[in-house]
Amino acid sequence: MATEHINGNGPEEPMDTSAAVTHSEHFQTLLEAGLPQKVAEKLDEIYIAGLVSHCDLDDRAIEALKEFNEDGAVQVLLQFKDSDLSHVQNKSAFLCGVMKTYRHREKQGTKVSETIKGPDEAKIKALLERTGYTLDVTTGQRKYGGPPPESTPSGAQPTIGTEIFVGKIPRDLFEDELVPLFEKAGPIRDLRLMMDPYSGLNRGYAFVTFCTKEAAQQAVKLCNNSEIRPGKHIGVCISVANNRLFVGSIPKSKTKEQIVEEFAKVTEGLNDVILYHQPDDKKKNRGFCFLEYEDHKTAAQARRRLMSGKVKVWGNVVTVEWADPIEDPDPEVMAKVKVLFVRNLASTVTEEILEKAFSQFGKLERVKKLKDYAFIHFEERDGAVKVWAE
């Protein structure tokens, strides 16, 4: 039969090329999952190349891939294959990110750009070997971090004031240049460089978390407006994850308890309500309040919900804005403060009464009362500290 076919004497049959094609043990699973033959073969090539294993991809990624037409899915897999996956820990999420990027470009009518020059992998590798930290790359960010240094208590979580925001970063700059600069301020817990998945460059900003507040403050002093490259100056400031909302148009007759009850019905994660009363009528509030949530994420969700116009509180649409974040005062400034703020004073309390009450702690410069609050000025800081302690 074979001889006849070769000589052309027998009926022509399609050539069986299956012996020349090598598939992994998971190829059949990909077909059974519903992937077209061409797409399954392309993904199987990636498996065989050792770039990713079948267990790295979850059902979500496979299902998302099935939503593309055959050519689109193949193009997505080609981009995925050409990506640097050496520092990608969650390859399934990364593939989903590549799909999202492809859809965006398709919608915008733009072609996939040429591969942008990424970081110097030799320098990145040297950095990771020196510090013992890891690098996790996703389509949206590059996270450099590790276990915190040995000097940090095991399992200790970063506190407010330990994170800085870094802006005006050159778009083609990476961890090998950023980490050495910020290490000068103190031990780094992690660094998150925000990436633009559509260009392959960074977005021009990053967040660095230190192990202590002091290191973060030192980083601001050392690095703000520093020249990271010729003619390129970065901006550095303490980062505050805002979890507080300002809400206006509150009925002035409502109490704190009523406000807590009402907003807890329409938002999640509400921790506290900060309410201010009118100086001349303690039964009435000032028509606004601050809502404090568990974290920035729940506050952002509450803000979107309240601003949608679909949610009404006591039958009215309220005005919502982010509250100005409360920044920690500079320790050097605080060390010189000699003035105390006293609030919730009754109308019968006079400056003379305040002077008599506070002068027992130290010599006073002056006392000034305004409505239901007052400022107590001491000559020496020790007097103010004694009052605070009492």
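Using the three backbone atoms N, Cα and C, a Cβ is placed for every residue, glycine included.
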| request: Look up region 'Disordered' in TrEMBL and report which of 1-23, 277-299 it refers to. | output: 1-23
| query | So, by DSSP, how many helix, strand and coil residues make up the domain 'RRM' (162-241)? | reply | 20 helix, 31 strand, 29 coil
